[in-house]
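Peer 1: Sending over a structure as structure tokens; questions will come in a sec.
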Ligand code: AP5
Ligand code: ZN
């Protein structure tokens with residue numbers, strides 16, 4: 001099963017993708033994570049992406065589509081969760097071709113419907129486990145034992161450089177201008193399912209499970 005999680009920055013795409021990966025063995029394909037890895041390693045893609053990401057703007061369609069193409073076969077068994085991709089009409093077309101070449105097709109596009117103002121708080125309080133990438137929030141979703149990752153037990157956490165209010169506002173504007181307009185394309189195909197992204201992490205997870213099990 002191949003699905004897209006769609007929603008603005010902080011909607012909970014990464015949180016739900018991680019959970020689906022753990023629970024269902026699906027593979028999370030996050031272009032944001034791939035780009036951050038490229039930046040950390042200083043690869044040619046990373047060098048191009050670094051300033052664009054720091055500004056909260058979108059990296060080129062060609063770069064992110066190539067990243068997805070390289071990883072797609074790793075998610076051929078139980079399926080892929082596209083997290084943060086596609087983000088433009090061109091990326092949606094690229095994904096369709098990549099899947100068709102592998103005789104695969106999308107099963108669902110799950111839109112996390114959220115209140116953008118509340119998302120600023122979510123993002124500014126966000127941190128992740130440095131070792132396993134599990135996502136947390138200072139007040140909304142802290143580790144069960146303070147300072148210890150629930151998933152892997154690590155004590156080391158990190159925060160993203162683009163998680164400040166000004167950059168978040170640019171990321172949201174990019175979402176409204178370039179990403180939200182791809183929804184009608186998937187609506188026409190009957191693939192869109194809406195989930196209330198303002199509910200708790202567990203409630204959102206249950207709503208997604210109900211869709212995938214239907
Ligand atoms: P990317 O890494 O994709 O970031 P994003 O879309 O801005 O999304 P986020 O990771 O901020 O949010 P999320 O929805 O995953 O929320 P999360 O689960 O963490 O992209 C970063 C940059 O890379 C872009 O700006 C762009 O430059 C570039 N890029 C990436 N992909 C690209 C592409 N395809 N094309 C071009 N450029 C691309 O949750 C947020 C917080 O809220 C967490 O603290 C979490 O614990 C908490 N939380 C989650 N769910 C809930 C809940 N239900 N209730 C309470 N708290 C919750
Ligand atoms: Zn961890």
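Here the Cβ of each residue, glycine as well, is placed from N, Cα and C on the backbone.
Automatic prediction, not curation, is the source of TrEMBL annotations.
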Peer 1: Pick from 71, 87, 126: which one does TrEMBL list with 10, 11, 12, 13, 14, 15, 199 for the same ATP site?
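Peer 2: So the ATP site in TrEMBL includes 10, 11, 12, 13, 14, 15, 199 plus, from the candidates 71, 87, 126, 126.
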Peer 1: Record says 31, 36, 57, 58, 59, 84, 85, 86, 87, 91, 171 bind AMP. Source is TrEMBL. Which of 24, 160 does it list for that same site?
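Peer 2: When TrEMBL describes the AMP site, the candidate it includes is 160.
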Peer 1: Out of 10, 31, 129, 149, 160, which binding-site residues lie by ligand 1, with a C-beta less than 6 Å from some atom of it?
Peer 2: 10, 31
Peer 1: Provide, as an integer number of angstrom, the distance between the C-alpha atoms of residue 13 (ATP binding site) and residue 87 (AMP binding site).
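Peer 2: Residue 13 (ATP binding site) and residue 87 (AMP binding site) have their Cα atoms 13 Å apart.
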Peer 1: Quick one: give me the count of other CB atoms within 10 A of the CB of residue 13 (ATP binding site).
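Peer 2: Residue 13 (ATP binding site) is surrounded by 25 other Cβ atoms within 10 Å.
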Peer 1: Which number gives the other C-beta atoms within 10 angstroms of the C-beta of residue 126 (ATP binding site), all protein chains shown included?
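Peer 2: Result for residue 126 (ATP binding site): 20 other Cβ atoms within 10 Å.
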Peer 1: Which binding-site residues from the list 10, 31, 85, 87, 199 come close to ligand 2, meaning a Cβ under 6 Å from one of its atoms?
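Peer 2: None, as no Cβ falls under 6 Å.
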